[in-house]
């Protein structure tokens, strides 16, 4: 690689990186220059790579299991768990903890009086690991081994090992605070520190205490990670930690020598350099920030592979992000033919829990998309931020799972030195509204809950205020959850969406709101195609509503539900089949919950009533047009514009709008907007004050 472009380092760094000269010139310069680098051992890299390995023709599953480092520690693990109710396990890359520890416990008889539950922060990890463990036990998924994620339950009465997302277990705890269906809870990937995981830490501690108090069978808890602060967790759980050796290979780390503005360009150049100079069995994993960025780059790579004259047709691109269907996510794990290189574009979903075989090269953009909560205005803002040093090492380590590898960082060493050491826990930076409602549903006051790290006071005050306005709680000396609030927690949704569904019947549009909430939960239904932009725009135009994006999305989803051949219909209309199929499944389950709550499933074509209903749930997301063409949000007075993807962008600007979320890039945008009126605000949500003047 051109020494003017990349430098070697044993440490990590962060930042974007394109250059001002042409793609070919940069590409050739990199392809014809030597790469000089040191090889730090990946044992230095603090990360989690769970052993999800594909069975090879030469190696049996049993041989693979015995080759994992955790296998030789199985007796030690069981001995520790027998002596203690809680065990902390810190294991290096590739130890086998995620797949093997549940099996050790099953064979030791821990599933005789309850299930072994293993939480994962992401649905794709829960599904993938469950399938692997079922395969290792020579069973069918849903029998001895199953999984439960939001809107999907693949378990049976025979299930002994159950993988589930932390959000699912948290919701179960509302109905069963003692978690009586479980004999063991394994809290995996503890370092991720999601809000749900942090809540579960306190809930399992409380369940253990109450079981002992009531002289019930002890609940065993195993907390596993590769990068957790063992002292912090040990003090919290009042137990010691055990460390397991991992299995890693050397990874050479490259940083750009200069800072660049466009890391996408850097990623492209680096990928085709790798493709030209390394064996085809060296698969590539590229870390990006989100679905739109991933799909856009995937198109560019495919186009460049077609037109390049250097034999780059032997390259296959896959994508991996949360919104993908299960089938599409699992495609990444299927080996490609011997002469075809696999390139996977992924979000941080690929940092931990799942390991994709064959990865020898990692390209790290150095950014991650995060939601942050502004306690002043009570709004979530979605923006790309720098990753932490711990994340950088986790990403680099993905190149050293099967053999020696290389990590190319699209940022300088100096940039990386400025990164935070570890990722800030979600509970300190995200909207705590759902968390507060969940705890109140458990009759737990946030001020009395045993947090590993307590949320910010300003955030809690904002959450209580928001829930009070939604009618979910009553605040005062002793805040408590209302009957409406208890109904709201029945839906696995943001409280705003739950409120929408619970009040839709009174507006006469329950069926429409079921569809709208479902499609909003799936996100990104429109497919962009740079080769056929005009055709895609024409196809999308027929769904557009002059009222805004929410009704446009409703038109799309209704068309999808009515189509006799959904796959062909989506192809012809440049729409995302995976997202719409997911939305259809979500709608089915939300409708079942609504029926269980005895809500009237009425329907209406009254556009005004539908928009008023949406306002009733999104009253915190109101913005008012100013004379300079910007919008000011009613909460927080944030200056913003309508997002370019909106049907209202570049057209008539309504005086008053509501929006789904704020997206922050170089500018601040309001995404998914609908026109409303000041009269509706006064009629539907008269308690909303401080509406900005025009």
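Using the three backbone atoms N, Cα and C, a Cβ is placed for every residue, glycine included.
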Correct range for motif 'DEAH box' (source Swiss-Prot, candidates 188-191, 192-195, 196-199, 200-203): 188-191
Residues of the parent chain within Cβ reach of the motif 'DEAH box' (188-191), under 8 Å, 6 or more residues beyond its termini: 48, 50, 97-98, 118-121, 125, 197, 223-228, 233, 352-353, 390, 422
Helix, strand and coil counts within the motif 'DEAH box' (188-191) (DSSP): 2 helix, 0 strand, 2 coil
Per DSSP, three-state class assigned to residue 91 (ATP binding site): strand
Three-state secondary structure, which DSSP defines for residue 98 (ATP binding site): helix
Candidate with the highest Cβ count within 10 Å, taken from the binding-site residues 91, 98: 98
